[in-house]
Amino acid sequence: MTTVTTSFVSFSPALMIFQKKSRRSSPNFRNRSTSLPIVSATLSHIEEAATTTNLIRQTNSISESLRNISLADLDPGTAKLAIGILGPALSAFGFLFILRIVMSWYPKLPVDKFPYVLAYAPTEPILVQTRKVIPPLAGVDVTPVVWFGLVSFLSEILVGPQGLLVLVSQQQVN
């Protein structure tokens, strides 16, 4: 089987046997056939595979290599350290964004005075950039809500009970 790959997408003539027959009687004008070629995405350049078994072995070795690469740089000790830093940081920013949501209800608050500046100063540089992308809707600033959602999502995905860093930190070292 000959496979031609171009920038991570391979066009394989051998895959044409798995394709359904076209209901149209007129041929496809691009390749003069009655059916379209099947495109399969791959992560490697495969010169020639004599059998499908070789192709399956190559694909399995690629997926195993990608799995090993993604977990190679992060050992359980580093994951525990990252949890210790990211967990409180994400919780603190989540709380600050909740305060900013409440502060957005009162636009005349003196944000440069003591109690309000604690929530205003760390979050405003992030919110200014986000306001350029998401303008206020009907006079209501929605950017603190967007950032609270993003911070909550990251917290759950990374350091939640089934988070990625928690799972890596519980991994047994061989």
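Just so you know, glycine gets a Cβ as well, placed from its N, Cα and C.
Noted in Swiss-Prot for the protein shown:
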- 40-78: topological domain 'Lumenal' (TOPO_DOM)
- 100-147: topological domain 'Stromal' (TOPO_DOM)
- 169-174: topological domain 'Lumenal' (TOPO_DOM)
- 1-39: transit peptide (TRANSIT)
- 79-99: transmembrane segment (TRANSMEM)
- 148-168: transmembrane segment (TRANSMEM)
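With a cut-off of 8 Å between Cβ atoms, the residues of this chain six or more beyond the transmembrane segment (79-99) that come close are 119, 122-123, 144-145, 147-148, 151-152, 154-155, 158-159, 165-166, 168-169, 171. Summarised by DSSP class, the composition of the topological domain 'Stromal' (100-147) is 29 helix, 2 strand, 17 coil.
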